[in-house]
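Novice: Here you go, one structure.
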Amino acid sequence: MSESNHITWHDSEVTKKQRQHKNGHKSAVIWFTGLSGSGKSTVSVALEKELFNEGKQTYRLDGDNVRHGLNKNLGFSPEDRSENIRRIGEVAKLMVDAGALTVTAFISPYKEDREGVRALLEDNEFIEVYTKCSVEECEKRDPKGLYKKARSGEIPEFTGISAPYQAPENPEITIDTEHDTIEQSVVQIIRYLKEHEYI
């Protein structure tokens, strides 16, 4: 894929700060990362609903959903996984510029890729949420039957089984989805957002 040298960035006359002021809250990416089955999608759905009910401008980007459209041409090789996250990072940045609290739920197994998204954003605009859950518990849950398929060899390069997952070392938030309820996890994240004056 060739890159064009003949493109120009066109600034909007409406700034991010103006959008945030109108919304009554800051914008940021709330980036859920964790193994398949750890609760990323479940908790992120509940968080988005809670933020929406509180009158916040919010939108959720989910790993499976994005692969139905924007990233449907990508597989699960290390290179494709990285490109998947790079594209999502660019979309998330646009949504932050639009003033939204952008909730994302992606396995995003590689630390370098997550840090690449962080680097796209301004300071304090990337909130990493680690959905901590043992692979044993995730496999026990197996809501999509993916671990079973991975064990049988039907799914190669499956994170946590036949492909690596690099857990965050210093996430802004860690939720223990093996022991805490969905409601407890959402309360923990909302508390963080309020304490750090995002909302």
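Every residue gets a Cβ built from N, Cα and C, even glycine.
According to Swiss-Prot:
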| type | residues | note |
| --- | --- | --- |
| ACT_SITE | S108 | active site, phosphoserine intermediate |
| BINDING | G34, L35, S36, G37, S38, G39, K40, S41 | ATP binding site |
| REGION | 1-22 | region 'Disordered' |
Novice: Residue list, the region 'Disordered' (1-22) vs rest of chain: Cβ under 8 Å, 6 or more residues beyond ends.
Specialist: 96-99
Novice: Name the residues of the same chain, 6+ apart in sequence, whose Cβ is under 8 Å from the Cβ of G39 (ATP binding site)?
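Specialist: T131, C133, I175, T177, I182, S185 - these are the non-local Cβ neighbours of G39 (ATP binding site), listed in sequence order.
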Novice: Provide the three-state secondary structure of S41 (ATP binding site) computed with DSSP.
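Specialist: Reduced to three states, the DSSP call for S41 (ATP binding site) is helix.
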Novice: Please list the DSSP helix, strand and coil residue counts for the region 'Disordered' (1-22).
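Specialist: Within the region 'Disordered' (1-22) the tally stands at 7 helix, 0 strand, 15 coil.
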Novice: Using other CB atoms within 10 angstroms as the count, which residue among the binding-site residues G34, G37 scores least?
Specialist: G37
Novice: I want the residues beyond G34, L35, S36, G37, S38, G39, K40, S41 whose C-beta is within 8 angstroms of the mean position of the ATP site's C-beta atoms, in chain order.
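Specialist: Leaving out the recorded residues gives T42, A105, I107, T131, C133, C138, T177.
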Novice: Measuring Cα to Cα, how many Å separate the residue listed as 'active site, phosphoserine intermediate' from G34 (ATP binding site)?
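Specialist: About 7 Å separates the two Cα atoms.
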Novice: Enumerate same-chain residues with a sequence separation of six or more from L35 (ATP binding site) and a Cβ-Cβ distance below 8 A; give 'none' if the list is empty.
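Specialist: The list for L35 (ATP binding site) reads I107, T131, C133, V135, C138, T159, G160, Y165, given in order along the sequence.
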Novice: As a test of the contact definition, list every same-chain residue at least 6 positions from S41 (ATP binding site) whose Cβ is closer than 8 Å to its Cβ.
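Specialist: Looking at Cβ-Cβ distances below 8 Å from S41 (ATP binding site), excluding near sequence neighbours, one finds D62, G63, D64, A105.
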Novice: Note down the number of other Cβ atoms within 10 Å of the Cβ of S108 (active site, phosphoserine intermediate), including every protein chain shown.
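Specialist: Result for S108 (active site, phosphoserine intermediate): 28 neighbouring Cβ atoms inside 10 Å.
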